[in-house]
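J.: Could you have a look at this structure, given as structure tokens, before my questions?
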Amino acid sequence: MLWLAWPVLALVSWLQPACAEGCALAAIILLGVPHGALDGEIARPWMRARFGIGWFAAFAVPYLGLAALVLVAWDVAPRSSLAVFLAGSVWHFGAGQPGKASVLRIVAFGGLPIALPSLFHPAATAAVFQTVARAPIPELSGILRSCALVWLLAAAGWLTQSDPAGRRRRILQAAGLAATFALLPPLVAFALYFVTIHAPAHMRGIARDPVRAPRVDPSNVMLRSLPLTALTLLIGASLLPLYDAGSGSFIDRLLALTIQGLAALTLPHMLLDAVTAAPAGRIAWDEADRNLRHYPTA
Ligand SMILES: CC1=C(/C=C/C(C)=C/C=C/C(C)=C/C=C/C=C(C)/C=C/C=C(C)/C=C/C2=C(C)CCCC2(C)C)C(C)(C)CCC1
Ligand SMILES: [Fe+2]
């Protein structure tokens, strides 16, 4: 079903280029944000075992606090925030893939959605990042291109090292993504990657894992993500006036808010992922889940 986004967004970008960015942002917000909203389901067993009915507040306050710190950092130091965001995104996209993680694999896989637009459309990609950072960074397209060339070496190294059985599939997948990023505007191609590859892989991983989010299974995964998705959209809408009209069109403001918002949510999202996916974290989570089954009213 999500694959329908591919022809729809491609057609919009070719027939109505003026609407393409707005449609890409709508896809990122409506179809991409729900994968992070499952964080509530991941935290629930462990937090409920400790904090009882007040578990959500005990979880949400530090989560939102971390996110708020990131938003302040974008305002105070936009260039460093962009650099940290890009490095964190590479890690987030690369580590989220199934299979054994290595640094080369994380860089090759995670760098793909950032390096490909930087190679094919350096100026347009740099323009989007400057709108996101709300600061002029004239040297950015050159930096992006150089980083993308280093990424090409890492990707080639990883492909030659990886096992021959899956190599053909990986080359085909990378070629499909390269075609997408070459043919479509950077934001549209990124939206397609985010909503049809990254978010579904994350949601499938959680839905099939009986320990991390015991209430979530493949039949209810979208439903379980709805409450916190709605709350996130409300919080996002309340922040829009802070992204003032003086700094560009409505779409530019929405772009800055959406990507800065994703960056802000990524910090607690990645921390939770690291804690619950690490072996020690999984044992603690498992125990909390057993306790909860023992004392279901806790
Ligand atoms: C739990 C909780 C919650 C929720 C949460 C959520 C919902 C999360 C999400 C999360 C997420 C959802 C995350 C995400 C991430 C993402 C990322 C990390 C991204 C990145 C990106 C990038 C890097 C891009 C780039 C680019 C390109 C490449 C081209 C074009 C342009 C652009 C810029 C787009 C709340 C707050 C309500 C409350 C508390 C609790
Ligand atoms: Fe994610």
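Positions of Cβ are set from backbone N, Cα and C atoms, glycine also.
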J.: Out of 7-25, 26-44, 102-120, let me know the one TrEMBL marks transmembrane segment.
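T.: From TrEMBL, the annotated transmembrane segment range turns out to be 102-120.
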J.: So which of 102-120, 140-159, 221-242 is most in touch with the transmembrane segment (171-195), counting Cβ pairs under 8 Å?
T.: 102-120
J.: Measuring Cβ to any atom of ligand 1 with a strict under-6 Å cutoff, which of the binding-site residues H92, H198, H202 qualify?
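T.: Checked binding-site residues vs ligand 1; flagged H92.
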J.: With every protein chain in view, what's the tally of Cβ atoms within 10 Å of the Cβ of H198 (Fe cation binding site), excluding that atom itself?
T.: 20
J.: Given the binding-site residues H35, H92, H202, and counting only Cβ atoms in the protein chains shown, which has the most within 10 Å of its Cβ?
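T.: Answer returned by the neighbour count: H35.
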